[in-house]
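Peer 1: Would you mind keeping the following structure in view while I ask a few things?
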Amino acid sequence: MRLGSPGLLFLLFSSLRADTQEKEVRAMVGSDVELSCACPEGSRFDLNDVYVYWQTSESKTVVTYHIPQNSSLENVDSRYRNRALMSPAGMLRGDFSLRLFNVTPQDEQKFHCLVLSQSLGFQEVLSVEVTLHVAANFSVPVVSAPHSPSQDELTFTCTSINGYPRPNVYWINKTDNSLLDQALQNDTVFLNMRGLYDVVSVLRIARTPSVNIGCCIENVLLQQNLTVGSQTGNDIGERDKITENPVSTGEKNAATWSILAVLCLLVVVAVAIGWVCRDRCLQHSYAGAWAVSPETELTGHV
């Protein structure tokens, strides 16, 4: 096997795992993140002497690597091709950190960085294991208005989507901020097409005259709690109705006819005024036939 082949480097990598530094980093879905793997400041390296290898710790997936005189990255897994890069300028200074672009939920795992020196007989120069934690904000919970499948029970539904990691769901009695018994709720949590979590929680409680509860979606990694309340009163079951002033039907009809009568009277008055004005205008402007025909002068014959 050639000295500069990826296969040889993989064999060396599998046998050199002692004295590994451990680090943790957190990234949001869709963001870029740097996985640190660097020697002390002031270090200098020759890129024709060092071998650098990044892979996932558990599945041994090849993320990226640097081999002297070999620019091919054909062994890089397709999931990381064009997404995982090292800086040649940084490597000259001993910074072998990995830049990972467009983080996905599937990137949540441990990554191992190994640096070897050929001039030192492939001695390990640096070994770092970085645990990447991935997070995404859940949407603000939507709590449906309660409905009554029976006279003795109320049902609430709470929905939140596109979060990571898997959430915790709590229902809260907002009167005293106590947690409701989780036996009263039924949670459905599943991964959507984006690899993020959607959650639907259904709460069933005994019907009471007044209920003030809240649904809480907890993202442990982000230390984030999103809570939305839902309050009902004695008018449960009448929430879709609009309450008006108690005016009788007869009173409404009488008021309607009164308005119509006034409108009709106004129309009649307006028409009468119009006709009167028209007649007056005609009388003032008409001067008779003498006004429009010049007076004929009679001249007698001598």
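Placed from the backbone N, Cα and C atoms, the Cβ positions cover glycine too.
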Peer 1: Swiss-Prot tags one of ASN102, ASN173 as N-linked glycosylation site; which one?
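Peer 2: Among ASN102, ASN173, the one Swiss-Prot marks as N-linked glycosylation site is ASN173.
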Peer 1: Please report the distance from the Cα of ASN186 (N-linked glycosylation site) to the Cα of ASN225 (N-linked glycosylation site), rounded to the nearest angstrom.
Peer 2: 19
Peer 1: Tell me which of the recorded positions CYS37, ASN70, CYS158, CYS216 ends up closest to ASN173 (N-linked glycosylation site) in space, Cα to Cα.
Peer 2: CYS216
Peer 1: Considering only the recorded positions ASN70, ASN137, CYS158, ASN225, which residue has the minimal Cα-Cα separation from CYS113 (disulfide bond)?
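Peer 2: Minimum Cα distance from CYS113 (disulfide bond) across ASN70, ASN137, CYS158, ASN225 lands on ASN70.
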Peer 1: Sorry to bug you, but what's the C-alpha spacing from ASN225 (N-linked glycosylation site) to CYS216 (disulfide bond), rounded to the closest Å?
Peer 2: 6
Peer 1: Using ASN137 (N-linked glycosylation site) as the reference point, find which of the recorded positions CYS37, ASN70, CYS158, ASN225 has the shortest Cα-to-Cα distance to it.
Peer 2: ASN225
Peer 1: Within 10 Å of the Cβ of CYS37 (disulfide bond), how many other Cβ atoms are there?
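Peer 2: The answer is 25.
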